[in-house]
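**Q** According to TrEMBL, the protein carries these features:
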- His156: active site, proton donor/acceptor (ACT_SITE)
- Lys160: active site, proton donor (ACT_SITE)
- Gly8, Ala9, Ala10, Gly11, Arg12, Met13, Gly98, Thr99, Thr100, Ser122, Ala123, Asn124, Met125: NAD(+) binding site (BINDING)
- Arg35: NADP(+) binding site (BINDING)
- His157, Gly166, Thr167: (S)-2,3,4,5-tetrahydrodipicolinate binding site (BINDING)
- 3-125: domain 'Dihydrodipicolinate reductase N-terminal' (DOMAIN)
- 128-265: domain 'Dihydrodipicolinate reductase C-terminal' (DOMAIN)
Amino acid sequence: MTRIAIMGAAGRMGRILLEAVHKSETAELGAAIVRPESSLIGSDAGEMAGLGRVGVALVGSLDEAKSDFEVLIDFSSPALTLDNLAWCADNGKAIVIGTTGFDESQLDALNGYAARLPMVFSANMSTGINLTVNLLKTAAKALGDAGYDIEVIEAHHRHKVDAPSGTALMLGEAVAEPLGRDLKTHGVFERVGQVGPRDPKEIGFATIRGGDIVGEHTVLFAAEGERIEITHKASSRLTFGNGAVRAATWVDGKAPGRYDMQDVLGLKPSEG
Ligand SMILES: NC(=O)C1=CN([C@@H]2O[C@H](COP(=O)(O)OP(=O)(O)OC[C@H]3O[C@@H](n4cnc5c(N)ncnc54)[C@H](OP(=O)(O)O)[C@@H]3O)[C@@H](O)[C@H]2O)C=CC1
Ligand SMILES: O=C(O)C1=N[C@H](C(=O)O)C[C@H](O)C1
């Protein structure tokens, strides 16, 4: 059994992660962490998440949970995740990171920890999206330089703070890479006013925010006369939670390195 600690346990994903661990047969809850000033500290994590009593009290710091877990699952914010990476590296823990919205320098900092601890980092923990990545690579190779314009469209709930979504960027990178394109030069993240005709090598991004949309991503390949749309729709956050718990079990005991859900799910082409 892998003992898991959940960061940001009172958040949208934090509560879902509590549920996913509760249902898991390979992992158990070791600790659940909330803000140090939270009025929830001391209450039962399961009761807070509507799961009934689980016998693990919410705490306000990783230090208080030091001997209670092997793998931290962190779906919080970029700044907090970087602090937690440092703590995990110093304390011999593994980490599963679902947080999105890192800027370039934060990503450099994150990558710097790969030599010090095992981490699984993925903007989307669902099996479906990670399979979609492979479908997109195949489609991009066949279509991207053959007159098909590529656009990535994503939709999320009204509370989401980063845009475009981490998944949209991951899908954009999946189509850019086989075409020798780079999102830094070919990504178009905004179109307003007299923007002129589309550059054939552009990879455009469009963002929708509203209501309770869990997460929807479409990659559009549009040519003259036809278009292909590859879409993934998440209808429950448990798909992310279950993926994260699977990743935590997988990464427990692994050598230091930065891994992703393709590694966890065995979807890397070299693995067959
Ligand atoms: N990889 C994947 O599959 C998925 C990734 N995500 C990503 O996970 C992240 C969290 O999403 P979501 O659960 O919806 O967001 P929430 O805001 O609901 O949850 C984030 C939690 O982290 C806590 N937190 C954030 N920053 C700090 C800080 N500096 N100090 C202490 N606590 C902090 C929040 O506390 P408080 O509420 O008090 O601010 C909250 O409990 C986002 O980056 C999102 O994009 C989401 C779904 C799937
Ligand atoms: O914030 C969310 O909710 C989600 N965030 C992730 C992202 O930014 O891609 C994954 C998922 O789509 C839900």
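Here, residue 1 is simply the first one shown, and the rest follow in order.
Positions of Cβ are set from backbone N, Cα and C atoms, glycine also.
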**Q** Which of these recorded positions has the least crowded Cβ, counting other Cβ atoms within 10 Å: His156, His157, Lys160?
**A** His157
**Q** Select, from His156, His157, Thr167, each of the recorded positions with a Cβ positioned under 6 A from at least one atom of ligand 1; if none does, say none.
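**A** Once distances to ligand 1 are taken from each Cβ, none falls under 6 Å.
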**Q** Can you go through the recorded positions Arg12, Arg35, Lys160 and pick out those with a C-beta less than 6 angstroms from ligand 2?
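**A** Lys160, by Cβ distance under 6 Å.
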**Q** What is the number of other Cβ atoms found within 10 Å of the Cβ of Ala123 (NAD(+) binding site)?
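**A** Its Cβ has 22 other Cβ atoms within 10 Å.
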**Q** Please list, in sequence order, every residue of the chain apart from His157, Gly166, Thr167 whose Cβ lies within 8 Å of the Cβ centroid of the (S)-2,3,4,5-tetrahydrodipicolinate site.
**A** Thr100, Ala123, Asn124, Glu154, His156, Lys160, Asp162, Ser165, Ala168, Gly215, His217
**Q** Near Arg35 (NADP(+) binding site), meaning Cα within 10 Å, which of Arg12, Met125, His156 (recorded positions)?
**A** none
**Q** Go through Gly8, Gly98, Gly166, the listed binding-site residues, and name the one with the sparsest Cβ surroundings, counting other Cβ atoms within 10 Å.
**A** Gly166
**Q** Which one of these binding-site residues has the most other Cβ atoms within 10 Å of its own Cβ: Ala10, Met125?
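**A** Within the set of binding-site residues, the most crowded position is Met125.
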**Q** Pop the Cα-Cα gap between His157 ((S)-2,3,4,5-tetrahydrodipicolinate binding site) and Gly98 (NAD(+) binding site) into the table, whole Å please.
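**A** On Cα coordinates alone, these residues lie 17 Å apart.
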**Q** Restricting the comparison to the recorded positions His156, His157, Lys160, Gly166, Thr167, which residue's C-alpha is spatially nearest the C-alpha of Gly8 (NAD(+) binding site)?
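**A** When the Cα distances are compared, Lys160 comes out closest.
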**Q** Show me the subset of Arg12, Thr100, Ala123, His156, Lys160 whose Cα is within 10 Å of Thr167 ((S)-2,3,4,5-tetrahydrodipicolinate binding site); these are the recorded positions I mean.
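**A** The recorded positions passing the 10 Å Cα test are Thr100, Ala123.
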**Q** Around Arg12 (NAD(+) binding site), how many other CB atoms lie within 10 A of its CB?
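**A** Arg12 (NAD(+) binding site): 15 neighbouring Cβ atoms within 10 Å.
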**Q** Reported as an integer number of Å, what is the Cα distance between Lys160 (active site, proton donor) and Thr100 (NAD(+) binding site)?
**A** 10
